[in-house]
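Notes follow the structure.
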Amino acid sequence: MWKWRNLSVSLVHSLLTGIWAVACVVQHPVMVHEISTTFTPSAYMLVVVSSGYFIQDAGDIIFSGYAKASWEFLLHHVMVIWCFLYAVFTQEYVAGAVVALFVEVNSVFLHTRLLLKLAKVAPNSYIYTVNKLLNVVTYVTFRLGAQFYLTWYLIHHYSSLNHALYFLTTMMLMNIMILIYFYRLLRSDFFSKSRPHNSGRKFAED
């Protein structure tokens, strides 16, 4: 029951913030080029809302007794929270946080994948197959694309950005994590036989 509730909340967050982030950049394309200084009320509110979600989700994992099994996701949440709260309190890097939230477009399909697994939908079913293909495509375009763009931006403009080392270190750690997750995703959905369900983790599969 906890997994259903937790993943459902995460899916709603991804639907809301993924669409919102893309809309912010469509309305103000300069965000992509000036990630530390561009500010709009809508973008700022998006970062506030998303920060609240990550704090809530981290607390939910801890107080529900899944902290040890889901330590990787807690580490991810902590890194996101400390970057987003910096943007919230200083009003700098708001645009950077918006670009980072492009990953939530992919998270829609990641969360849907896990809900389908919880529902015991067959991996060879039409809905699962379509979702896993969209998951891989959006992982490359929205998740890896956004992360690597921000990493490149921080390196390219390192000398002119405030606290660049703070953000670049975080981005490099997250890049390692998402590449590991991508490998696990491909291995699980495309290159391996079904494995036993592990009920101790937050997610049904890696």
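Using N, Cα and C of the backbone, Cβ positions are placed for all residues, glycine too.
Unlike curated records, TrEMBL annotations are generated automatically.
Values in this document were obtained by computation on a predicted structure and should not be read as measured data.
What TrEMBL records for 1-21 is signal peptide. Non-local neighbours of the signal peptide (1-21) in the same chain are 42, 46, 49-50, 53, 56-57, 60-61, 64, 66, 98-99, 101-102, 104-108, 110-112, 114-115, 118, 142, 202-204; each lies 6+ residues outside the stretch with a CB under 8 Å from one of its CB atoms.
As annotated by TrEMBL, domain 'TLC' applies to 1-194.
Taken from TrEMBL, the feature transmembrane segment covers 37-55 (among others). Long-range neighbours of the transmembrane segment (37-55) within the same chain, counting only residues 6 or more positions beyond its ends whose Cβ lies under 8 Å from a Cβ of the stretch, are 9, 13, 16-17, 20-21, 23-24, 27-28, 30-31, 77, 80-81, 84-85, 87-88, 91-92, 94-95, 97-98, 101, 104.
What TrEMBL lists as transmembrane segment is 67-87 (among others). Sequence-distant contacts of the transmembrane segment (67-87) (same chain, six or more residues past either end, CB-CB distance under 8 Å): 47, 50-51, 54-55, 57-58, 61, 93-94, 96-97, 100, 163, 166-167, 170, 173-174, 177, 200-203.
Residues or ranges marked as transmembrane segment by TrEMBL: 93-112 (among others).
The transmembrane segment annotation in TrEMBL covers 133-152 (among others).
Feature annotation from TrEMBL assigns transmembrane segment to 164-186 (among others).
Non-local neighbours of the transmembrane segment (164-186) in the same chain are 72, 75-76, 79, 82-83, 86, 93, 96, 135-136, 139, 143-144, 147-148, 150-151, 154-155, 157-158, 206; each lies 6+ residues outside the stretch with a CB under 8 Å from one of its CB atoms.
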